[in-house]
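> This structure is in structure tokens; I'll ask about it shortly.
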């Protein structure tokens, strides 16, 4: 049974779906500029199978004004991911898993590569954790910002601030690159079951980069899945059945 419980959660706006037997907890981390809706469908699917699922909301997100995202550093979101995991670990589950979409996958990779957390496994969906080139989603970010401004009737103001907003975005991407550089040397020491899901029609990151991540995980038990016809936000894709089932199968094999 799905239970939305907002009490004692680490973040305002987080979603928590409590499982019936409290055996396995799953942390799902959403994408940059996204919200808990990125992971809501997957979270509810996993909850129907008996898993307890926490989906935190990163500060500044779930907004109708892209400038709100720019008010927070990726370092803040990194700490929020740590806080969410620490809260979940305190709930007494026998096993805890961590997954993330896109930027959420980078932050999931951070958690999974730190030996101080007693995790059972986890993984990433379309995550630029190891990339041949630095992340460049600037056009998609600015287009989203303009779309939201147009909805608010503030398109002219947005265009006046365009350069300032773009500079703020690039500052966040530089900080995210720093986080990636800290994580990458730890990846060869990861020895947990590690799921990688990559969309072949990913419009934001190079699908081939997922193979670089796989190569870095030289000691992990990697469960790699390539979905040739899916796009970046795979947990919300209309044709997500194969993806959903692969994540579920990964968990069921370990729990």
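Cβ atoms here come from the backbone N, Cα and C positions, even for glycine.
A TrEMBL annotation is a machine prediction, not a hand-curated record.
OK, TrEMBL features for this one:
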DOMAIN    25-141  domain 'Serine aminopeptidase S33'
ACT_SITE  102  active site, nucleophile
SITE      151  site 'Important for substrate specificity'
ACT_SITE  202  active site, charge relay system
ACT_SITE  232  active site, charge relay system
> Which Cβ among the recorded positions (102, 151, 202, 232) has the fewest C-beta neighbours inside 10 Å?
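Per-residue Cβ counts within 10 Å for the recorded positions 102, 151, 202, 232 bottom out at 151.
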> Just to be sure I understand, if DSSP states are collapsed into helix, strand and coil, how many residues of the domain 'Serine aminopeptidase S33' (25-141) fall in each?
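Counting residues per DSSP class in the domain 'Serine aminopeptidase S33' (25-141), I get 48 helix, 21 strand, 48 coil.
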> Could you tell me the C-alpha distance between residue 151 (site 'Important for substrate specificity') and residue 232 (active site, charge relay system) in angstrom, no decimals?
24
> Would you kindly give the Cα-Cα distance separating residue 232 (active site, charge relay system) and residue 202 (active site, charge relay system), rounded to the nearest Å?
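With distance taken Cα to Cα, residue 232 (active site, charge relay system) is 4 Å from residue 202 (active site, charge relay system).
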> What whole-number Å value do you get for the CA-CA distance of the residue listed as 'active site, nucleophile' and residue 232 (active site, charge relay system)?
8
